[in-house]
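Quick notes on the structure that follows.
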Amino acid sequence: MFGNLKKKLKSFFDKAGKEAETEEVEEEVLVEVEEDLEAPKVTSKKKPKEKKEAEKEELEEEKKIEDSKTEKPKRKRSIFKKITRRHISEKSLDSILWELELALLENDVAKEVTESITKDTKERLLETDLKKGETAEKAITSALKAAIEKTLDVGDFDIIEKIREKEEGPTLILFVGFNGSGKTMTIGKFAQVLQNEGISVVMAAGDTFRAAAIEQLDVHAKALKVPIVKQQRGSDAAAVIYDAVEHAKAKGIDVVLGDTAGRSHADLNLMDELKKVVRVNKPDITIFVGDSLTGNDAAEQAKRFNEAVGIDASVLTKADCDVKGGACISISHMTEKPIIYLGTGQGYEDIEEFNPDWFVEKVFE
Ligand SMILES: Nc1nc2c(ncn2[C@@H]2O[C@H](COP(=O)(O)OP(=O)(O)OP(=O)(O)O)[C@@H](O)[C@H]2O)c(=O)[nH]1
Ligand SMILES: [Mg+2]
């Protein structure tokens with residue numbers, strides 16, 4: 001998973017580590033010191049000591065001070081102290097971050113998201129000094145990690161909790177997205193995830209448009225032993241889903257998994273049909289299902305679907321074949337809605353919960 005992105009980032013870090021110029025800035029800062037009022041401090045000129053020995057002495061000194069704290073009166077005094085800060089120079093950062101921008105764009109991260117990540121990484125690096133012994137490469141890696149985590153972190157969406165929270169009637173979950181993105185397969189996977197949680201489900205064959213779509217959902221329903229509500233091809237999708245909700249109400253089923261036909265946001269007729277499905281049935285949760293292999297396009301689609309019908313979260317499928325990871329990085333930022341699961345294969349069990357930390361660890365491992 002995400003092999004290309006990992007490789008690109010690794011070679012970017014190697015190169016950036018070599019190209020980054022660090023500069024040292026000397027500054028005088030005001031610090032407060034405490035000193036004894038009784039015994040004036042005698043500063044003896046000592047020979048420089050081995051680091052360990054000096055640290056040991058320092059600890060003993062601290063202990064002595066601690067012990068005598070209660071007895072001796074102290075006086076506070078402010079003095080100027082010279083300190084040296086080390087950071088990556090802004091000039092070298094600009095060319096390094098240009099390389100980062102290319103690495104992200106090559107891996108299908110959307111342009112606006114790439115720019116935002118690069119800007120955030122730069123700000124983090126300019127704001128923070130390099131720690132003692134920290135290499136430029138290490139600093140760049142942690143700044144980029146933090147920037148990507150921030151991009152992905154658009155809030156939690158716990159779907160199981162949402163379902164359990166609903167007090168009356170079934171929860172309707174509607175799956176929307178482009179043709180072939182994996183909606184129907186994802187419904188099968190969700191049916192299994194929910195059943196494993198003790199939540200009962202019914203499938204609604206709301207794709208009345210594509211040939212064999214109803215039969216395809218029927219195969220999943222049979223394999224998973226889940227009820228299905230369906231009508232003839234060409235019938236009204238909104239009505240099929242309405243019937244499924246009524247069926248769930250009558251049978252005390254917890255969740256309706258509503259399939260819909262694949263469509264492009266640019267197909268106005270089909271988008272109007274989807275708006276009608278939403279208007280009539282008012283889904284509790286709408287999930288955008290995107291094919292991660294389509295990268296940037298998946299993110300753009302998600303944004304348009306969100307504008308048209310409002311989505312609550314995304315599922316990205318085919319992550320098992322995705323070497324770039326661009327859609328994963330872009331989609332949350334562009335919709336401001338979290339990715340909740342990744343599809344990782346064609347079996348019902350091939351679904352993994354998504355969280356930003358997991359993704360970042362995976363890409364930077
Ligand atoms: N490798 C892999 N294949 C997947 C995954 N999810 C779905 N697929 C495959 O992608 C193809 C399309 O999946 P569907 O579930 O039919 O997609 P859809 O969005 O319902 O398609 P339409 O109804 O035509 O819009 C099928 O061959 C699925 O088996 C996944 O996570 N990994
Ligand atoms: Mg389908």
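Cβ atoms here come from the backbone N, Cα and C positions, even for glycine.
The region 'Disordered' annotation in TrEMBL covers 40-71.
Marked as compositional bias 'Basic and acidic residues' by TrEMBL: 50-71.
Sequence-distant neighbours of G177 (GTP binding site) (same chain, 6+ residues apart, CB-CB distance under 8 A): K183, G262, F288, V289, G290, D291, Q301, F305. What TrEMBL records for 177-184, 259-263, 317-320 is GTP binding site.
The feature domain 'SRP54-type proteins GTP-binding' is assigned by TrEMBL to 338-351. For the domain 'SRP54-type proteins GTP-binding' (338-351), the list of distant contacts is 1, 152, 154-157, 159, 182, 185-186, 188-193, 223-224, 287, 292, 313-320, 328, 331-332: same-chain residues at least six beyond its ends, Cβ to Cβ under 8 Å.
Other Cβ atoms within 10 Å of the Cβ of T260 (GTP binding site) number 29 in total over all chains. Under 6 Å, Cβ to nearest atom of ligand 2: this is the test, and of the binding-site residues G177, G180, T260, A319 it is passed by none. For R263 (GTP binding site), the same-chain residues that are 6 or more apart in sequence and have a Cβ closer than 8 Å to its Cβ are F178, N179, L270, M271, L274. Taking a Cβ distance under 6 Å to any atom of ligand 1 as the criterion, the binding-site residues G180, K183, T260, R263 reduce to G180, K183. Averaged across the domain 'SRP54-type proteins GTP-binding' (338-351), pLDDT in this predicted model comes to 98. DSSP assigns A319 (GTP binding site) to a helix.
For A319 (GTP binding site), the same-chain residues lying six or more positions away in sequence with a CB closer than 8 A to its CB are M1, S292, C328, L342, G343, T344, E352.
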